[in-house]
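Peer 1: Okay, here's the structure, questions in a sec.
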């Protein structure tokens, strides 16, 4: 549905009217799914679901195989809301792919494709089957040949008459792929009539074929012969992620062959793999990428063996990694919409707008699934869908693009009516009207246009900033916002006041118990501002009503003097006068020392009285500050201070807590805060103004309900570090073997705010599986890491970032390397040796790598004496070697093939016995390969045979 630009502008304006009418494009709640309709079902209709929400409510249409369905054909179709009802479904007309289209005034979306298939099973032709004549001991295959059908089938065979079914065992097998009956070795009891039974798993319809007579020939019994595999799986079989795959294998032979399974790469089966039907079926549930590879079925009897091989490959339908979301954006802005999906093979992307293929032009481009539209206009509004697809399936992600065109409006973001600031300060006046596109903004003070100068500047967000404010800046400031759709303005009145100053501050005093004193606090302030005085005693707000017998505020409107009558020891401590106005605050502190005889302990209690003891408890202020004051670490913009909590027996009463004081190194004034929990061992101060990794002086004091105690000695700690801001450079990845890749990089440049670099984090993942990546960490002075335990012949992607105690920095650019293929599973065979008293000559058969294995580049000979643990290695690129060894004691030797992917499987371990004054030969194969070379050899051979038998 196409809308005019005027219509779209009107919709944009309506959508902005305070939310009175919220328009929304269609969004699917339910989509059609694949369906199978049983032919002959009593139900004469099938319903394909489709439901979408939206405002206005969507209307619907359907397509079959890309052509519109006419709902006026009421004898065939009916629309029930958005659902399509197919009446009297017919497999000749109604088979195919269905899609639902939901449309309202904002656009159209199209559903995923849903396939409608028809399941049926016709009868066998009433044709008599020929008699099958075989010898006893011979194998036979009875063919089923199912009739025309659609949908999944299952097979069984009747022996002679119903309900006597053929029971499957190691000798008899019914393939669920072909339906045929296989008898590995026919016995006299097998003679009879066999009938194939075919069942539709969808319709539960069952049909029977004509009987096939099986008789024995009279010309003798079949002799023994090696297995012949008749049931085998394809050479290459693609399997979907998460599917259950069943591989069939069965062989004819005499004696009855035994079936076994293995992986060609030698890896063991995972625990989920099951063998069924007397090993005739290998079942792999929940198929995953690690299950791919070559599988072998081995059929073996006493006459020989046969092997069938097939490769399972992995595929995955696309699934979303990143969906697109609804976007509301101003005209003339640019749009970047990205959708990403994973799958195997890698998905490709295409885009729809309002249910039709998006038309590309100079300002509308698609690259790697990302849609870019520059210089948006209102006609770009609509419903967009990103489609990710590979040959195994496709998926849709839908979202609405609203391109907004509106005049400036201050109703939702009004400007402040009044701003009060001090002379000499900086002030920012906000101007943030809603407007699409963004409004151009200008300023006036009164009727005079504001111009930029050394004190006045226009901010990027349209605001106005004035530094070093003076009285001359007072006035009414108006922001004028304008775009092509209209104009609006807002105002702020700026009032400039003189700063508040304490003209007579309290000073430290030393007094005696019983005296009365006045702590002065007098100020000079701007007459336009109201002023308020408050006093704090040891960090607590003074309550003049509660402590009226001792505390009284005296003085005029510009004075907040504190009078303390009949002063007592408990009044010792720190007094702070806080002066606040509407635009600023100032404070001043003084320490008051009260001298006199200590009063009696309070709240003396006697507890746990025994015949000879009693426990006393009482309250005075705490006397012991925390120990081990330190700190450091934390996240950016944090100062972490730590200490060892004071034990309960040294807290001297209830209400115990800590006074934490800190200041940047070189600053005079302390910043103080109170921690009220006696068990707390740390305090974290968070503020954006904290300079990363800068020195602070800190101290921690104590207090309880009776007052403040002493502070700990001043110590210095560092504020939190700044996380690294630069990614490592020159990152490279190099494959070392079939399971290892080495990643290397250059160190990042160090700066003071980074503090101590803890190390580097290396992230790595398989191609297409970035969301399930792994990582390793190395120490700060390392510039390489080795990734171990990787899959062979797989491309791995990796990126590196630095980290410290504040967090991790940005990742480097991504690099990749492919692990080598696995080394050959075949060991060097038929290792033959020839020894004298000074050397050993070795020969062996060449190792040939399979297609999925690394090519052989040479061989390693490992040798040691029987009394040693340390092994020596000889490298060679031939299939022979000469070892200059004095044969004074037994030697143990192994041979391995070498490849880029690592060392291959070792040969059998051979032992060469100590030999004196004679030559000897031997091998890892049968003893018949050993040939005498002197009259003494029979004795030596007997020794060698025994040695080989033991090892």
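Placed from the backbone N, Cα and C atoms, the Cβ positions cover glycine too.
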Peer 1: Check each of the ranges 910-929, 930-949 against TrEMBL and return the one annotated as transmembrane segment.
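Peer 2: So the range that TrEMBL calls transmembrane segment is 930-949.
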Peer 1: Of the listed stretches 26-117, 408-497, 499-593, which one has the most C-beta pairs under 8 A with the domain 'Ig-like' (318-402)?
Peer 2: 26-117
Peer 1: Can you check how the pLDDT averages out over the domain 'Ig-like' (227-313)?
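Peer 2: Averaged over the domain 'Ig-like' (227-313), the predicted model reaches a pLDDT of 94.
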Peer 1: Using a cut-off of under 8 Å between C-beta atoms, tell me which stretch among 122-209, 227-313, 408-497 contacts the domain 'Fibronectin type-III' (823-919) the most.
Peer 2: 227-313
